[in-house]
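Positions annotated as domain 'Deacetylase sirtuin-type' by TrEMBL: 106-368. The active site, proton acceptor feature in TrEMBL is assigned to His236. Per TrEMBL, the feature Zn(2+) binding site maps to Cys244, Cys247, Cys268, Cys271.
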Amino acid sequence: MGGTGFCLLRICSRKLCRVVTYKNQSKIQVAVYTSSLGLHNRTENTAPRSAAGCCSPEFGSGVRQHPVKKSAFPDVQVKLSLRIHHRRWFSSSSPTQSLFRGTGGSEQKQQLLEDIARKIRNRECNRIVVMAGAGISTPSGIPDFRSPGSGLYDNLRHFGIPYPEAVFEINYFLHDPKPFYSLAKELYPGNYKPNWAHYFVRLLYKKGMLLRMYTQNIDGLERLAGIPPSMLVEAHGSFATASCTVCCESYPGENFRDEVMEGKVPLCPICTGVIKPDIIFFGQELPKRFFLYLTDFPLADLLIIMGTSLEVEPFASLAGAVRSSVTRLLINRDLVGPFSWYSRSNDVVELGEVIGGVRKFVDLLGWKEEMKDLIERETEKLEAKEKDN
């Protein structure tokens, strides 16, 4: 992948567990990464390490020692100490909870969902970055990975894999690709249709307000919703293309759809090697397009985060990469990431079902009828395409 230096990382039990490949990084990358963690002027130089371990919070004298965050840069290690505060409550509909003390000691009104909608209507936000995870796809019927009894990992038990995440580890895939392709049969593009969350981002693009969408999803629903690939950063890859694990020949992912649906492992027509969709497995470097964040996030004037647990690095740290003056809107079932432990004064949170939050936002924007027309029109196109196939 050209030595980009980032690989997909896992966070387990709220502890940071990383296995990182290090490359030389520029000063601007170091600056943006430390900025993304909200840790300006709090860096320490340390000797580089070959791998990262787990650190747990330490408490003492009323000071919370935040876990050591090892960056993707060999010479930078960041440590943060935060005074423990009572959790700040957010609500888009509760004015009684909308005041808090600013750093200057004067009271400042917290923004509400209505305020963000007004700014968008007034064209004050024209460079919107969207971050999205599995929570925007489950309303389309796609199972999540960890729900007991119905999650995708749970459905792989009969394969006897050592642990669920092994299905996304490259070494295990090369050893036995069948469990992955059993899961891929469920996730392959075309099995499900986009929903309000996907079409909301499509509408932002249509109105010229979308700077980029960063998605953790590999289901391709963003593309099906009509969001151009140039506007997407598929941080964990996609099924759109596939490559041979032996000769590295590249193919359109659609070429192997029939074999995958039949439960077969697709093989390269040139060398008979196993074909792997261009999905990023644990330990693999992220796609080069991921590094668009170096320019996208400093330019953003609004960050919308939807349906993600913000637990997989380095994607999760992007939530802190926008300037501190930029509003971050979380539409999610739960408080996650920095919204739960290091929230900013201008953060806005809409908790609950993601689709419900999106629909409420669309209503406030005055885009309800336009959204309905878009969804109806695009759904008809997808159904017509299915009939042709």
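Placed from the backbone N, Cα and C atoms, the Cβ positions cover glycine too.
Structure coloured by features recorded in TrEMBL.
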residue	record	DSSP (3 states)
His236	active site, proton acceptor	coil
Cys244	Zn(2+) binding site	strand
Cys268	Zn(2+) binding site	coil
| said: What does the structure give for the C-alpha distance between Cys247 (Zn(2+) binding site) and the residue listed as 'active site, proton acceptor'? Integer Å is fine. | reply: 22
| query | In sequence order, which same-chain residues at least six apart have a C-beta under 8 angstroms from Cys271 (Zn(2+) binding site)? | reply | Cys244, Val246, Cys247, Glu249
| request: If we count other C-beta atoms within 10 Å, could you say which of the binding-site residues Cys244, Cys247, Cys268 has the fewest? | output: Cys247
| request: Compute the mean position of the Cβ atoms of Cys244, Cys247, Cys268, Cys271, which form the recorded Zn(2+) site, and then list in sequence order the other residues of that chain whose Cβ is within 8 Å of it. | output: Thr245, Val246, Cys248, Glu249, Pro269, Ile270, Thr272, Gly273, Ile275
| message | Cα-Cα, whole number of Å: Cys268 (Zn(2+) binding site) versus His236 (active site, proton acceptor)? | response | 23
| said: Validating a neighbour-count step here. Other CB atoms within 10 A of the CB of the residue listed as 'active site, proton acceptor': how many? | reply: 20
